[in-house]
Amino acid sequence: MKIQVPATSANLGPGFDSCGIALAKYLVVEVIKPQEKWEIIHHLGSEIPSDENNLLIQTALQVAPEIMPHQLRMISDIPLTRGLGSSSSVIIAGIELANRLAHLNLSAEEKLTIATKIEGHPDNVAPAIFGDFVVACYDEATEQVLSVKHYFPECEIIAYIPSTELLTKESRQVLPQSFEYKEAVKASAIANVMIGAVINGNLALAGRLMEQDLFHEKYRAKLVPHLSQIRQICQRSKAFGCFLSGAGPTVLILTPKEEVATLMDQLRLLDNHAQIEQLAIDREGVQVF
Ligand code: HSE
């Protein structure tokens, strides 16, 4: 059995903690055989545990404590601590692992609620489960996560992935503790129109609003100085817009095809250690083969 989970990009600017898209980069977990102790064969570096301390096993055991240890192989091309949902992908794989090994028959909605409780917010885990574009929120009354999946309009996506990492925790510490009422109303109106524009397939309008976030990007600007440089490059081109991917440091640029080559050339000049990649939308979310 192999579990495949896509990378994700959360927020899309003003859709802070609620909007996300799935991207065609993947974590694959292969279940090899049952054995005495949990073992994960991987090449992700010595800091990533290879035993039951790995987030994958921790998550699986939280969902189904009775499952028997297995030998697993973990392969991922999702960069770590870059704002592309690497930890969410591991959480979703862990939930799916428990689901299959313990025959839980969890629905996608149940997986989403479990994942959100572990991750803290649904914006990465929801598209990792459903694929495509997902808007989600936690419903306090029922303690469930409510979500809507919709087709994300076809466009070119360029990811500017800095060589340095940024921990989500660090990137959340710079956010304000409270937010003035009028500012919140303004910020949420921008997010609402952005979502409407995505659903309408109007990327020109969606991209413009993705750049007008009031919830988080300006507070994080000092941690991600390349964001304003990339925004200037985008604004001089016909790109639809750019935004910080999740908590950063990656920046995603949405653009029509004819701008890709010029944009990539200009982005390369910013920092030759950064990885610049074209990514596609994943439409399926988590899959088991
Ligand atoms: N919405 C989250 C944030 C995504 O921006 O902090 C990262 O987990």
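We number each residue from 1, going along the chain as drawn.
Positions of Cβ are set from backbone N, Cα and C atoms, glycine also.
TrEMBL lists PRO79, LEU80, THR81, ARG82, GLY83, LEU84, GLY85, SER86, SER87, SER88, SER89 with the feature ATP binding site. The domain 'GHMP kinase N-terminal' annotation in TrEMBL covers 56-131. For 194-267, the entry in TrEMBL reads domain 'GHMP kinase C-terminal'.
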Practice item. Restricting to the same chain and to sequence separations of six or more, state which residues have a Cβ under 8 Å from that of GLY85 (ATP binding site). Key: PRO6, ALA7, THR8, SER9, ALA10, GLY20, ILE78, ASN124, PRO127, ALA128, GLY246
Revision key, fill the gap. For the binding-site residues listed (PRO79, GLY83), most other Cβ atoms within 10 Å of the Cβ sits at GLY83
Study note, to complete from the structure: Cβ proximity for SER89 (ATP binding site), under 8 A, sequence spacing 6+, ordered by residue number, returns VAL5, PRO6, ALA7, THR8, TYR26, LEU27, SER76, ILE78, ALA128
Review point. When a 10 Å sphere is centred on the Cβ of SER87 (ATP binding site), how many other Cβ atoms does it contain?
Key: 17
Study note, to complete from the structure: Note: in the chain of THR81 (ATP binding site), residues six or more apart in sequence with C-beta under 8 angstroms of its C-beta are GLU165, LEU166, LEU167, THR168
**Study point:** Secondary structure content of the domain 'GHMP kinase N-terminal' (56-131), with strand meaning DSSP E or B
**Key:** 42 helix, 7 strand, 27 coil
Study note, to complete from the structure: Given the ATP site PRO79, LEU80, THR81, ARG82, GLY83, LEU84, GLY85, SER86, SER87, SER88, SER89, its other Cβ neighbours within 8 Å of the Cβ centroid, in chain order, are ALA7, ILE78, GLY246
Practice item. Give the residue counts of the domain 'GHMP kinase C-terminal' (194-267) per reduced DSSP state, in the order helix, strand, coil. Key: 43 helix, 9 strand, 22 coil
